[in-house]
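Taken from Swiss-Prot as is:
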type: BINDING; residues: C71, C74, C77, C122; note: [4Fe-4S] cluster 1 binding site
type: BINDING; residues: C81, C112, C115, C118; note: [4Fe-4S] cluster 2 binding site
type: DOMAIN; residues: 61-91; note: domain '4Fe-4S ferredoxin-type 1'
type: DOMAIN; residues: 103-132; note: domain '4Fe-4S ferredoxin-type 2'
Amino acid sequence: MSVMQNNSEKSKWFLPGILGGLATTMKHLLKNLFNQKKMMTLNYPEEKYEYSPRFKGNHVLTVKKDGSLRCTACMLCATNCPAECIKITAAEHNDPTVEKFPISYEIDILRCVFCGFCEEACPVDAIRLGPEWQTPGVNGANFIYDINHLAYRPNLKGGILTHVDDEERHKAGI
């Protein structure tokens with residue numbers, strides 16, 4: 001036995017709801033169509049958004065003026081990383097004044113949350129989060145950055161140089 005329910009109360013609000021949603025959509029469509037100067041959308045990639053200087057993008061390993069890595073393989077960045085995306089393999093250096101250095105330094109960008117903990121933990125300013133953020137690629141191997149990708153780029157797209165002068169750091173109190 002089936003029971004018929006009276007849905008007349010609900011059905012009388014159906015058409016006004018549809019018309020109200022349609023009116024809102026048409027209002028925004030016409031506003032954006034005829035007033036494109038105030039539109040918030042950028043035509044990417046022709047127009048690029050200007051990010052703040054404090055923006056944290058892709059990682060950069062800094063090098064000294066002699067071309068050697070600033071990293072001392074202390075593992076503080078890898079220890080502080082909440083995503084565990086930094087892998088460092090350390091080795092002893094030939095120079096007795098240098099304790100160790102990284103022979104392998106990899107960052108898995110797909111796991112990274114760009115929190116900046118690695119940058120804050122580094123005692124020698126060896127890792128920075130630079131201005132680049134676009135990382136195109138088709139497979140996961142393209143997103144594991146090694147020492148060559150992280151450090152040996154003469155000039156990044158934001159004007160940040162990868163080499164750091166020790167004298168300037170000491171003057172600044174870093």
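Backbone N, Cα and C atoms are what each Cβ position is placed from, and that goes for glycine too.
Shown on the structure are the features that Swiss-Prot records.
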| residue | record | contacts (Cβ under 8 Å, 6+ apart) |
| --- | --- | --- |
| C71 | [4Fe-4S] cluster 1 binding site | L61, I88, F101, P102, Y105, V124, A126, I127 |
| C74 | [4Fe-4S] cluster 1 binding site | P123, V124 |
| C77 | [4Fe-4S] cluster 1 binding site | I86, I88, F117, C118, E119, A121, C122, A126, I127 |
| C81 | [4Fe-4S] cluster 2 binding site | C112, F117, C118 |
| C115 | [4Fe-4S] cluster 2 binding site | P82, A83 |
Taking the Cβ of C112 ([4Fe-4S] cluster 2 binding site) as the centre, count every other Cβ atom within 10 Å, in any protein chain shown.
20
Tally the residues of the domain '4Fe-4S ferredoxin-type 1' (61-91) by DSSP class, grouping H, G and I as helix, E and B as strand, and everything else as coil.
5 helix, 9 strand, 17 coil
Which residue counts does DSSP yield for the domain '4Fe-4S ferredoxin-type 2' (103-132) in the helix, strand and coil classes, in that order?
5 helix, 9 strand, 16 coil
Determine the minimum-neighbour residue: among C118, C122, listed as binding-site residues, which Cβ has the fewest other Cβ atoms within 10 angstroms?
C122
Across the domain '4Fe-4S ferredoxin-type 2' (103-132), what is the average pLDDT of the model, as a whole number?
92
What are the other residues, in sequence order, whose C-beta lies within 8 angstroms of the center of the C-beta atoms of C81, C112, C115, C118 at the [4Fe-4S] cluster 2 site?
C77, N80, P82, A83, C85, I86, V113, F114, G116, F117
